[in-house]
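Presented below is the structure to which this report refers.
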Amino acid sequence: MVLGKPQTDPTLEWFLSHCHIHKYPSKSTLIHQGEKAETLYYIVKGSVAVLIKDEEGKEMILSYLNQGDFIGELGLFEEGQERSAWVRAKTACEVAEISYKKFRQLIQVNPDILMRLSAQMARRLQVTSEKVGNLAFLDVTGRIAQTLLNLAKQPDAMTHPDGMQIKITRQEIGQIVGCSRETVGRILKMLEDQNLISAHGKTIVVYGTR
């Protein structure tokens, strides 16, 4: 083994060789809610936001997905499904795309791909259960604090001498926890006063999270 040489993943490379690779700029839309679901996506590079909108166009962020995550898997298991959410590029992204029909053919050859997808779905169900619990049992301060801790574990969080540094707007935090931007601002100030975080514009340092 050559030192410093990254390890390859033969199964992943084989899967990607059957996909079409597309690049999306930051803030562009990959999936529109309501459109027919026919394609499975896999994030090669970058991160995306999964969100829903109400009739007035108000957005709520359901989750962030990152490199190595599948997108749009629900339609794989039931024909004629429509997309249940919007997916928007959080950063510039490189995404592999494959039709459900072709993916079903691939898993007949190599079931490991389906096992990877199933494992991700199980983890997401666990995260969703935790989020529902937070909505039911935590007040808005607790939900914001939990959100900051979760974001500090994301791949795009940066190490900082005092903890982990994240970049997110107050509006985006409000879209995750379900409150106004003004409420987020007040709670961030309170968390700062308690010496739990520092917040300057979009940059937030969550102390003690390294």
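Glycine too: its Cβ is placed from the backbone N, Cα and C atoms.
Copied over from Swiss-Prot, here are the features:
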{"type": "DNA_BIND", "residues": "180-186", "note": "DNA-binding region"}
{"type": "BINDING", "residues": "Gly57, Lys58, Glu59, Met60, Ile61, Leu62, Ser63, Gly72, Glu73, Leu74, Arg83, Ser84, Thr128, Ser129", "note": "3',5'-cyclic AMP 1 binding site"}
{"type": "BINDING", "residues": "Ala136, Phe137, Gln171, Glu172, Ile173, Gly174, Gln175, Ile176, Val177, Gly178, Cys179, Ser180, Arg181", "note": "3',5'-cyclic AMP 2 binding site"}
{"type": "DOMAIN", "residues": "138-210", "note": "domain 'HTH crp-type'"}
{"type": "MOD_RES", "residues": "Lys101", "note": "N6-acetyllysine"}
{"type": "REGION", "residues": "53-59", "note": "region 'Activating region 3 (AR3)'"}
{"type": "REGION", "residues": "154-163", "note": "region 'Activating region 1 (AR1)'"}
{"type": "SITE", "residues": "Glu97", "note": "site 'Activating region 2 (AR2)'"}
{"type": "SITE", "residues": "Lys102", "note": "site 'Activating region 2 (AR2)'"}
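Known features from Swiss-Prot, placed on the structure.
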| residue | record | CB count, 10 Å |
| --- | --- | --- |
| Ile61 | 3',5'-cyclic AMP 1 binding site | 23 |
| Glu73 | 3',5'-cyclic AMP 1 binding site | 19 |
| Arg83 | 3',5'-cyclic AMP 1 binding site | 18 |
| Lys101 | N6-acetyllysine | 9 |
| Gln171 | 3',5'-cyclic AMP 2 binding site | 12 |
| Ile173 | 3',5'-cyclic AMP 2 binding site | 23 |
| Gln175 | 3',5'-cyclic AMP 2 binding site | 21 |
| Val177 | 3',5'-cyclic AMP 2 binding site | 23 |
| Cys179 | 3',5'-cyclic AMP 2 binding site | 18 |
| Arg181 | 3',5'-cyclic AMP 2 binding site | 13 |
Six or more residues out from either end of the region 'Activating region 3 (AR3)' (53-59), which same-chain residues have a Cβ under 8 Å from its Cβ atoms? 33, 86, 175
Inter-residue C-alpha distance, Thr128 (3',5'-cyclic AMP 1 binding site) and the residue listed as 'N6-acetyllysine' (nearest angstrom): 28
For Lys102 (site 'Activating region 2 (AR2)'), list the number of other Cβ atoms lying within 10 Å of its Cβ atom. 12
Using only C-alpha positions, which one of Gly57, Glu73, Lys101 is spatially nearest Ala136 (3',5'-cyclic AMP 2 binding site)? These are the recorded positions in the record. Gly57
Expressed in Å to no decimal places, the gap between the Cα atoms of Arg181 (3',5'-cyclic AMP 2 binding site) and Glu73 (3',5'-cyclic AMP 1 binding site) is 32
Any same-chain residues 6+ apart from Ser63 (3',5'-cyclic AMP 1 binding site) with CB under 8 Å of its CB? Would you list them in sequence order, or say none? Ala49, Val50, Arg124, Val127
Round to the nearest Å and give the CA-to-CA distance linking Gly57 (3',5'-cyclic AMP 1 binding site) with Val177 (3',5'-cyclic AMP 2 binding site). 17
Roughly how wide, in whole Å, is the group Gly57, Lys58, Glu59, Met60, Ile61, Leu62, Ser63, Gly72, Glu73, Leu74, Arg83, Ser84, Thr128, Ser129 that binds 3',5'-cyclic AMP 1, by largest Cα to Cα distance? 26
